[in-house]
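K.L.:
As annotated by TrEMBL, signal peptide applies to 1-21. If you look up TrEMBL, you'll see 53-177 marked as domain 'Corticotropin-releasing factor binding protein N-terminal'. Marked as disulfide bond by TrEMBL: CYS60-CYS81, CYS104-CYS141, CYS183-CYS205, CYS237-CYS264, CYS277-CYS318. As annotated by TrEMBL, domain 'Corticotropin-releasing factor binding protein C-terminal' applies to 186-307.
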Amino acid sequence: MSPSFKLQCHFILIFLMALRGENRYLELREAADYDPFLLFGANLKRELAGEPVYRRALRCLDMLSLPGQFTFTADRPQLHCAAFLIAEPEEFVTIHYDLVSIDCQGGDFLKVFDGWILKGEKFPSSQDHPLATTERYIDFCDSGLSRRSIRSSQNVAMIFFRVHEPGNGFTFTIKTDPNIFPCNAISQTPSGRFTLVVPHLRRNCSFSIIYPVVIKISDLTLGHLNGLQLKKPSAGCGGIGDFVELLGGPGLDPSKMMPLADLCYSFHGPAQMKIGCDNTVVRMVSSGKHMNRVTFEYRQLEPYELENPSGNSIQEICLSSV
């Protein structure tokens, strides 16, 4: 595993924990001198019902997990900037440009990416996203304000930008909308419970947890058609159009992760596995012929569980690479 890639993933973990209030007193001022990415979430607060829209300045490297209005103004040439946006798993993210003042002819750019991308790895992967990779980038310098509002296909999106001239910049508003059948999502928290439902659609859906976790599948329903369940396959998932797989690895892209387990018949759990990878993914592959559903719980592995993996009956994966 690349040390720099693992460090970047570790930063994302810090970001998500800070946004959820799990580490409210992170002392990051000195670190920010050489990596402003660490400063995210220092002054964030959740918008309360009835209060005005939350507003704050956007940093060159930032993480946003709440609706509000954000303004970036360059105080010097800023050439390599990005903002990670994340909502709840059951929400879409909408980005609305309120004001843009950049010099596209002078080399500035402002792009939205439908998903997250880090070190060349994407979430959702190309296999799981309905659009080709090139179509997932929306460049303001190409479309202008003709595409003033952009909605993501899942609960995460990114903004890449470059601004040369001090004083130039942009303002945008983030809103969230409910997603009745979320397909791809990244968890904001290191523990939780989620039900992934694919209703008679030919699509692949991934739920990503950027932590080493214990995951417990409590219910899996596959291959139901008019109330009749398909017969349990004799061995493996070969040739089966509907199944769930557990994946693990160090990066964001599920297509580059190790397959850890395949589940291709319905059952009522629990089925439990310890996965010590930096990232864990529950991925459902659906043929479109059936209503498929999987319910699972997850929690972050404790440090002692990573240091002393023996002594329990659940399968241990990736612990040697942590």
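Residue numbering: from 1, along the chain as shown.
Cβ coordinates are placed from backbone N, Cα and C, and glycine is handled just like the others.
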K.L.:
Return only the integer: C-alpha distance in Å from CYS104 (disulfide bond) to CYS81 (disulfide bond).
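P.N.:
CYS104 (disulfide bond) to CYS81 (disulfide bond), Cα-Cα distance: 15 Å.
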K.L.:
If I take the alpha carbons of CYS318 (disulfide bond) and CYS60 (disulfide bond), what is the distance between them in whole Å?
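P.N.:
If we compare the Cα positions of CYS318 (disulfide bond) and CYS60 (disulfide bond), the gap is 34 Å.
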K.L.:
Quick one: give me the count of other CB atoms within 10 A of the CB of CYS318 (disulfide bond).
P.N.:
22
K.L.:
Report, as a single number, how many Cβ atoms besides its own are within 10 Å of the Cβ of CYS81 (disulfide bond).
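P.N.:
19, counting other Cβ atoms within 10 Å of CYS81 (disulfide bond).
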K.L.:
I need the nearest neighbour of CYS264 (disulfide bond) among the disulfide-bonded residues CYS81, CYS141, CYS277, using C-alpha distances.
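P.N.:
Checking each of CYS81, CYS141, CYS277 against CYS264 (disulfide bond), the shortest Cα distance is to CYS277.
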K.L.:
If I take the Cα of CYS81 (disulfide bond) as reference, which of the disulfide-bonded residues CYS141, CYS183, CYS205, CYS237 has the closest Cα?
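P.N.:
Sorting the disulfide-bonded residues by distance from CYS81 (disulfide bond), the top entry is CYS141.
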K.L.:
Return only the integer: C-alpha distance in Å from CYS141 (disulfide bond) to CYS60 (disulfide bond).
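P.N.:
For CYS141 (disulfide bond) versus CYS60 (disulfide bond), the Cα atoms are 19 Å apart.
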K.L.:
For each of CYS141, CYS205, count the other CB atoms within 10 A of its CB; which of these disulfide-bonded residues has the top count?
P.N.:
CYS205
K.L.:
I'd like the number of other C-beta atoms within 10 A of the C-beta of CYS237 (disulfide bond), please.
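P.N.:
CYS237 (disulfide bond): 17 neighbouring Cβ atoms within 10 Å.
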K.L.:
In whole Å, note down how far the CA of CYS60 (disulfide bond) lies from the CA of CYS205 (disulfide bond).
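P.N.:
Approximately 31 Å lies between the Cα of CYS205 (disulfide bond) and that of CYS60 (disulfide bond).
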K.L.:
In whole Å, how far does the CA atom of CYS237 (disulfide bond) lie from that of CYS183 (disulfide bond)?
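P.N.:
Approximately 21 Å lies between the Cα of CYS237 (disulfide bond) and that of CYS183 (disulfide bond).
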K.L.:
What's the CA-CA gap between CYS183 (disulfide bond) and CYS277 (disulfide bond) in angstrom, rounded?
P.N.:
22
K.L.:
Using DSSP, tally how many residues of the domain 'Corticotropin-releasing factor binding protein N-terminal' (53-177) sit in helix, strand and coil.
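P.N.:
So the domain 'Corticotropin-releasing factor binding protein N-terminal' (53-177) is made up of 12 helix, 67 strand, 46 coil.
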K.L.:
Mean pLDDT for the domain 'Corticotropin-releasing factor binding protein N-terminal' (53-177), rounded to an integer?
P.N.:
95
K.L.:
Given the disulfide-bonded residues CYS60, CYS104, CYS277, which one's Cβ is surrounded by the fewest other Cβ atoms within 10 Å?
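P.N.:
If we count Cβ atoms within 10 Å for the disulfide-bonded residues CYS60, CYS104, CYS277, the smallest count is at CYS104.
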